[in-house]
Structures are given as structure tokens and as C-alpha cells.
Amino acid sequence: MGKASKDKRDIYYRKAKEEGWRARSAFKLLQIDDEFNIFEGVKRVVDLCAAPGSWSQVLSRKLYIPSKLNPEYRNGDRPLIVAIDLQPMAPIDGVIQVQGDITNARTAEVVIKHFDGCKADLVVCDGAPDVTGLHDMDEFVQSQLILAALTIVTHVLRVGGKFISKIFRGKDTSLLYCQLKLFFPRVTFAKPRSSRNSSIEAFAVCEDYCPPEGFNPKDLYRLLERVGSPCGSSDLDCSSAWLEGANKVYIPFLACGDLNGYDSDRSYPLTASADGSYRSLDPVQPPIAPPYKRALELKKASSSHAAAALVDIDVDTLTLS
Ligand code: SAM
């Protein structure tokens, strides 16, 4: 799809470039904030699975840049934003980057070190595996990322803090809801207007972190397993009984963002400039080391080999004739 055609079909792709966001995902976080006011009182944040960095940009613009412009802030008091991804990303004002895998304990340790004994007010995670289109598989891999994020949450989030995580809606959504409810009294699944209806993506907005009494982060997996097991413990709010009859859990699900605003599933006409032409903007910041980089290099190499082979043929042909 050409850039202009993508601009026409995806209003948020176009708007992201106009407003200087690295990815259209920025609008998802902004629309979640419109509904849940997630940045209120926030001074320390962890952005998990952050590349290419549009959520980190939102955090920088909402939290760090205003503090820089405010003379009352001294350097040490400025908001702390730590962003983690497998991929490196171009620098963002006020964002500390950690390159690593969130499912790896060592990455979690590096994040914790940056907080130097303090806790975070907010953890966000927009992690997504490379989607295969096989919904069960995608949902499973996604759930592993959420569990890794929850592990980090149980180490760094302060009591009363918030956790926002991308989820894929599927048959295990109720289980995930119950697992999150063990730690957060308020859990809402939200669908921002900028997230396409055709996508199974949604976001769990978990508020007021409150781990069970005596909880030890080492026991996280054991605790989560008990929620899903047929002999789910009666001391938990959610046991396996949530599946059935009167105990069935209804998950709060909310559409968010201006409902009269742009619809991500609609095409919008392009606005021509004074001379009547349309000029598509370049992406704000192309990924600096995307996972497909090697594939592109190989493709380029093979086409230049092909081109070289053509030149050889031409030379041979010339020699022959
Ligand atoms: N929120 C980002 C933004 O606004 O620019 C977009 C995130 S993108 C949808 C998903 C990211 O998850 C990718 O950059 C990918 O590298 C990252 N990711 C996937 N698995 C990961 C893992 N195990 N550890 C760290 N990052 C991971």
C-alpha cells in the first residue's frame, strides 16, 4: 500500500505523522487517559515493550517536558520514565532506555535498579508478539507477555498504582480478568477509538494496586494458577466458579476516546494543499533496528546480486555478439 493510500485509509496513521508521533499507538494511550485520567499524580513510570516509542513520547510530553518548563522542579525531582524493549529506539527527552526481554528476570532487575528503592506510580505495557493470525497462538504468546509484565508490576508498582496492558480478547479473557482482579480492585477492559474494531486488541486498565495480604512476588505463578484450577481456592475472590451460572463474571468493557471523533475503521478524504496536490508526510522516526532489518538487507543483497547477474548476462551477450 502506498503512503498516500495508507494516509487515506488510516486517519490515525496520518494524524500521528502530522502531530509528530512515532506510531499511531500514541492515540490509544491518549484516549485511555481521556477516560481514566491515568497520568494524574504520576512521577515514575515504566513503559514495557516501548519501541518505536510513541507511548514513551506521550509520557515525555505529558510528564517530563512540563516538568522541564516548570522552574519549581529541580533535576532530581523530575519524573522518571524507564522504557524497555527488545529493540533499541531513538532517544526521547527524559526517557531512560533499557534494551532487553521483559520475560527475562535480569531485565526486571535492571528496571528495579533504575528506581533505586522507589516504586513506580504507573506501569504500561503495549507488548505484542509478531502476530501469526492464528488467534489461539497469538493470544497465548500475548498472555505470556502480560504475565511477564505482571511480574515486573509486583516488584516495582506502589500500592495504589496503575497498570495498563494490551490484551487480546479471546476465550481466556475472563480468566485473565480474574487473575488481574487478585491484584487490582478495579479492572476495566477498554477499547480506544483508535484501535480498529477488526482487531482483537483491547487494553486492561487496572487501578489501585493492592496485592493480597502477605503476597510474595515469588509466589505469583502459583497464585495465578489457583485462579484457573478446578479446585480454585475459596479464599480468592475469583475461583473457577466464575465460569458458571450465577457466579459468572461480567467484565466491564468500555469504548474510550471521543466517540464523535475519528473512526479507525473508516477512510477519510485527503486534504489537498494550495496547489491542489496531496503531499504525504514521512514517518516521524523510522525504527532504528527493526526485526525485519535483516530480511530487508537480504532482499536488497539478493536483488543487487540479481542486478549484477543481469549485468554479467549483458556483458556475456555483448561478448558473444
Ligand atoms: N507502544 C509502542 C509505541 O507506542 O511505539 C509500540 C509497541 S509494539 C506494538 C510492540 C513491541 O513489543 C515491539 O517493539 C516488540 O519489540 C516488543 N516486544 C515483544 N516481545 C517483547 C519482549 N519479550 N520483551 C520486550 N519487548 C518485547
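Quick reminder: no glycine exception, Cβ is built from N, Cα and C everywhere.
The following features are taken from TrEMBL:
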- Lys166: active site, proton acceptor (ACT_SITE)
- Gly53, Trp55, Asp85, Asp101, Asp126: S-adenosyl-L-methionine binding site (BINDING)
- 21-208: domain 'Ribosomal RNA methyltransferase FtsJ' (DOMAIN)
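Taken as a whole, the domain 'Ribosomal RNA methyltransferase FtsJ' (21-208) shows an average pLDDT of 93 in this prediction. When the alpha carbons of Gly53 (S-adenosyl-L-methionine binding site) and Lys166 (active site, proton acceptor) are compared, the span between them is 15 angstrom.
Residues Gly53, Trp55, Asp85, Asp101, Asp126 are listed as the S-adenosyl-L-methionine binders, and the farthest two of them sit 18 Å apart at their Cα atoms.
The two recorded residues Lys166 (active site, proton acceptor) and Asp101 (S-adenosyl-L-methionine binding site) have their Cα atoms spaced 17 Å from each other.
The Cβ of Asp101 (S-adenosyl-L-methionine binding site) has 14 other Cβ atoms within 10 Å, all protein chains considered. In sequence order, Ser25, Ala26, Leu29, Asp47, Val124, Asp126 make up the list of same-chain residues 6 or more apart from Trp55 (S-adenosyl-L-methionine binding site) whose Cβ falls under 8 Å from its Cβ.
In sequence order, Cys49, Ala50, Ala51, Gln97, Gln99, Gly100 are the residues of the chain that are 6 or more apart from Asp85 (S-adenosyl-L-methionine binding site) and have a CB within less than 8 Å of its CB. Look at Trp55 (S-adenosyl-L-methionine binding site): DSSP puts it in a helix.
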